[in-house]
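These notes concern the structure reproduced below.
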Amino acid sequence: MGENGMPKHCYPAATAAMEVTAVEFGHTAGSKCYDDDGRLKRTGTMWTASAHIITAVIGSGVLSLAWAIAQLGWVAGPAVMLLFSFVTYYTSALLADCYRSGDPCTGKRNYTYMDAVNANLSGIKVQICGFLQYANIVGVAIGYTIAASISMLAIKKANCFHVEGHGDPCSISSTPYMIIFGVAQIFFSQIPDFDQISWLSILASVMSFTYSSIGLALGIVQVISNKGIQGSLTGISVGAVTPLDKVWRSLQAFGDIAFAYSYSLILIEIQDTIRAPPPSESKVMRRATVVSVAVTTLFYMLCGCMGYAAFGDDAPGNLLTGFGFYEPFWLLDIANAAIVVHLVGAYQVYCQPLFAFVEKWAQQRWPESRYVTGEVEVPLSPSGRCYKVNLFRLTWRTAFVVATTVVSMLLPFFNDVVGLLGALGFWPLTVYFPVEMYIVQKKVPRWSTRWVCLQLLSVACLIITVASAAGSVAGIISDLKVYKPFVTTY
């Protein structure tokens with residue numbers, strides 16, 4: 001058997017010509033090697049899909065939720081988190097039904113989010129969707145580079161504080177750590193597609209549980225040490241901050257929570273890894289969504305609420321990298337190392353759709369170019385094993401990683417900008433397009449009760465998106481007043 005449970009004789013190197021023949025004559029329905037669309041058999045399950053989703057959703061942002069709840073308080077904070085978990089699950093379920101056009105088991109597959117939009121909607125909506133999806137992915141890549149460098153920086157600072165004492169500022173530049181993360185991503189970005197990064201997603205999911213559990217445990221210890229629960233029903237009070245700051249912070253908290261749940265832009269790509277029916281891919285994806293959103297919400301609630309209970313209105317922006325805790329330093333090192341490993345996987349899960357889109361476009365544009373479509377065999381061992389390198393994939397993906405790393409070094413506070421991209425992308429990508437596609441796919445009558453409810457959901461999320469974007473813009477303006485490129489240290 002091959003790596004993914006697939007028979008060895010099914011690999012592309014042995015059957016490239018067979019695939020073309022099978023597609024041309026329509027002999028793929030009962031094939032052991034190919035699915036109904038002529039592509040190699042998909043091997044994904046509910047568990048691998050859940051792992052992909054958890055990898056994408058539970059980023060280091062889980063540790064900033066204590067700060068978000070501190071802005072909203074014990075009543076609104078958990079309520080907003082539950083609200084967004086429900087909206088994410090519901091709209092993801094709508095989107096999962098759009099993977100196939102027509103029959104849920106035999107209809108034409110839509111391989112990407114844009115394919116689904118193109119199959120159900122038309123015109124300018126497709127272009128707008130493509131721009132928002134890929135701009136969001138670029139923003140996430142930059143944000144993850146920054147987040148990973150901050151965690152690596154936190155390891156260095158934790159060790160510095162342990163040796164020099166907490167009175168030492170231990171100011172360090174994040175630039176070298178961004179370069180280290182970028183080099184690692186250049187290597188991992190050469191993995192051809194989603195089907196081949198299941199192992200990385202599973203490893204990243206384990207890492208997310210590791211650092212979330214450490215943050216949760218430290219929060220519990222701090223609550224016990226405080227001999228009580230900190231915080232208030234309404235969050236940070238006016239007086240500690242100005243009334244205007246209270247408004248901006250609350251809006252930014254909404255945006256942080258909304259963006260923390262956002263993964264719809266890669267849902268179709270994840271669904272395309274699931275093995276062929278029965279059961280239908282949409283049923284499997286719904287189950288995977290239930291599992292992943294439930295797990296995510298549980299961790300978000302535990303880590304966010306326990307962090308707020310530990311520090312109250314003084315909750316830091318990140319429990320582990322913001323040094324809400326200083327000791328035990330070795331445990332902080334383990335947690336931050338786990339964050340870095342997780343972000344390596346999350347970066348790949350998010351960027352694979354963009355990589356695939358550009359490479360597909362290039363192959364259609366220059367089908368005869370050996371640089372674009374050809375492969376070079378690189379020997380891996382004396383026994384004759386080799387790795388096939390596509391030169392266009394090598395140069396394009398490397399250039400993308402280098403570009404996002406450079407932007408991260410220029411604007412290391414870019415998390416605010418990513419928050420803005422997340423706020424702007426939440427309504428159209430997570431709510432508007434899935435709702436509109438579902439209405440078209442299921443032929444929901446205009447002005448029926450279901451149609452009205454779906455439109456009300458869309459309008460409500462639009463209002464939240466606009467408000468969250470305003471809060472993020474205020475944060476960016478504040479950062480620009482004090483930042484100097486390549487000079488500012490942390």
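The backbone N, Cα and C atoms fix where each Cβ goes, and this holds for glycine too.
Automated prediction, rather than curation, is the source of TrEMBL annotations.
According to TrEMBL, the feature domain 'Amino acid transporter transmembrane' maps to 42-477.
Look at TrEMBL and you will find 49-70 (among others) tagged as transmembrane segment.
Under the heading transmembrane segment, TrEMBL lists 76-99 (among others).
Taken from TrEMBL, the feature transmembrane segment covers 134-155 (among others).
The transmembrane segment annotation in TrEMBL covers 199-224 (among others).
Within the chain, the transmembrane segment (288-309) has long-range Cβ neighbours (under 8 A, six or more residues past its boundaries) at 46-47, 49-50, 53-54, 57-58, 62-63, 65-70, 74, 77-78, 81-82, 85, 88-89, 92-93, 96, 208-209, 212, 215-216, 219-220, 223, 229-231, 260-261, 270, 315, 319, 324. If you look up TrEMBL, you'll see 288-309 (among others) marked as transmembrane segment.
Annotated transmembrane segment per TrEMBL: 329-350 (among others), in sequence order. Beyond its flanks by at least six residues, the transmembrane segment (329-350) meets 52, 55-56, 58-60, 63, 137, 140-141, 144-145, 147-148, 151-152, 154-155, 158-159, 161-162, 181, 184-185, 188-189, 191, 194, 197, 200-201, 203-205, 207-208, 210-211, 214-215, 218, 266, 320-321 of its own chain at Cβ-Cβ distances under 8 Å.
Here TrEMBL flags 394-414 (among others) as transmembrane segment.
Here TrEMBL flags 420-440 (among others) as transmembrane segment.
Beyond the ends of the transmembrane segment (452-477), by six or more residues, the same chain brings 87, 90, 248-255, 258, 413, 416-417, 419-420, 423-424, 426-427, 430-432, 435, 438-439, 444 to within a C-beta distance below 8 angstroms of the stretch. The annotation transmembrane segment is assigned in TrEMBL to 452-477 (among others).
Through the fold, the transmembrane segment (49-70) approaches residues 77-78, 81, 144, 147-148, 150-151, 194, 198, 200-202, 204-205, 208, 211-212, 215, 219, 231, 235-236, 253, 256-257, 259-263, 266-267, 270-271, 273-274, 284-285, 288-289, 291-293, 295-296, 299-300, 303-308, 310-322, 324, 339, 342-343, 345-346, 349-350 of its own chain, all at least 6 residues removed from its boundaries and within a Cβ separation under 8 Å. Listed by sequence, the residues of this chain that lie at least six past the ends of the transmembrane segment (420-440) yet keep a Cβ under 8 A from its Cβ atoms are 87-88, 91-92, 94-95, 97-98, 113, 116-117, 120-121, 125, 128-129, 132-133, 135-136, 139-140, 255, 258-259, 261-262, 264-265, 451, 454-455, 457-458, 461-462, 464-465, 468-469, 471-473, 476. Here the transmembrane segment (199-224) has Cβ contacts under 8 Å with residues 48, 51-52, 54-55, 58-60, 62-63, 66, 188, 191, 230, 299, 302-303, 306-307, 309-311, 319-320, 324-325, 331-332, 334-336, 338-339, 341-346, 348-349 of the same chain, all six or more residues outside its ends.
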